[in-house]
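Database features (TrEMBL):
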TRANSMEM  12-31  transmembrane segment
DOMAIN    23-297  domain 'Sugar phosphate transporter'
TRANSMEM  43-66  transmembrane segment
TRANSMEM  78-96  transmembrane segment
TRANSMEM  133-150  transmembrane segment
TRANSMEM  156-174  transmembrane segment
TRANSMEM  186-207  transmembrane segment
TRANSMEM  219-241  transmembrane segment
TRANSMEM  253-275  transmembrane segment
TRANSMEM  281-300  transmembrane segment
Amino acid sequence: MAPTSKADRKAALDVTAWMFNVVTSVGIIMVNKALMATHRFSFATTLTGLHFAMTTIMTLLFKWLGYIQPSHLPVSNLIKFVLFANLSIVGMNVSLMWNSVGFYQIAKLCMIPVSCLLEVVFDKIHYSRDTKLSIVVVLVGVAICTVTDVSVNAKGLMAAIIAVWSTSLQQYYVHFLQKKYSLGSFNLLGHTAPAQAASLLILGPFVDYWLTNKRVDRFDYNATVVLFIILSCTIAVGTNLSQFICIGRFTAVSFQVIGHMKTILVLILGFFLFGREGLNSHVIFGMILAVLGMMWYGSASSKPGGKERRTFSLPIDKSQKHGLRAELGEHDDKV
């Protein structure tokens with residue numbers, strides 16, 4: 001049997017990374033839904049701080065074992081990343097609190113065009129017509145199966161704008177930092193997780209009290225709640241790591257587009273685990289349309305010209321051309 005080609009190995013690793021992200025993301029959503037809906041633990045920001053604390057422990061363990069090598073990330077970039085990431089977490093929670101579920105879902109869909117804009121402006125990425133149309137199909141499909149009632153107010157709109165832009169910037173920054181400083185997923189997590197854990201565990205209880213009017217230290221903890229919290233934190237390690245792996249291997253836009261597969265799976269699992277009353281023909285149609293759009297995006301973006309970085313060259317006038325040729329001719333003679 002012929003040895004596996006480099007392209008086949010990359011494709012296998014890409015699929016593994018996506019599956020890792022999908023499984024951990026859907027798993028943590030299911031666990032958190034049970035924790036918050038069934039057991040009334042509504043302290044989402046503090047819980048996220050615990051997620052990053054567990055992730056920090058994982059990175060420290062891997063450093064001790066020698067799997068994470070020393071690396072450098074400037075403090076200014078670390079501060080920017082933590083600011084975007086924390087604004088994203090708080091912004092999404094506030095957006096969900098102040099807006100209807102329908103508008104919250106629309107705001108999440110807006111992350112795709114915003115991520116595209118960031119890639120076009122900062123990375124000079126060009127998208128083909130088919131790639132653009134496939135993104136539209138994904139957006140329409142997800143909107144059909146998730147968007148219901150839509151109402152918005154001024155403060156809700158502001159929260160949604162902050163959430164969309166901060167999340168898009170945080171995901172763009174993951175790819176940017178890994179490429180610029182040659183950081184692996186574990187390395188980047190080793191820099192960012194401790195800072196996020198510290199900041200969220202300090203600010204989280206105050207933010208949660210503002211959002212829920214309840215204190216996390218006065219919650220009636222029992223063995224089941226603690227078990228769910230530990231399970232949520234454990235799965236979160238995989239979720240955080242897989243997000244960095246996927247965005248590092250692909251881009252923030254691809255992560256957002258194909259990542260909506262998680263939305264479809266969460267809906268399907270939700271219907272089976274928490275009741276099927278929301279499952280109807282237009283939701284099923286939206287799911288099918290979204291999946292077809294994701295498949296089209298994968299095909300269109302991988303084709304030549306589907307998604308590529310634009311390069312610009314300065315024009316050379318005739319006198320410069322002749323001078324260049326003369327220099328090359330002299331060089332050839334000398335050689």
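Any Cβ shown, glycine's included, is placed from N, Cα and C.
Same-chain neighbours of the transmembrane segment (12-31): 4, 228, 231-232, 235-236, 238-239, 242-243, 245-246, 249-250, 258-259, 261-262, 265-266, 269, 273, counting only residues six or more beyond its ends whose CB sits under 8 Å from a CB of the stretch. Counting Cβ pairs under 8 Å to the transmembrane segment (78-96), the top-ranked stretch among 133-150, 186-207, 219-241, 253-275, 281-300 is 186-207.
The transmembrane segment (186-207) makes no contact with the transmembrane segment (133-150): fewer than 3 of their CB pairs lie within 8 A, with pairs spaced 6 or more apart in sequence. Ranked by the number of CB pairs under 8 Å to the transmembrane segment (133-150), the listed stretches 43-66, 156-174, 219-241, 253-275, 281-300 are led by 281-300.
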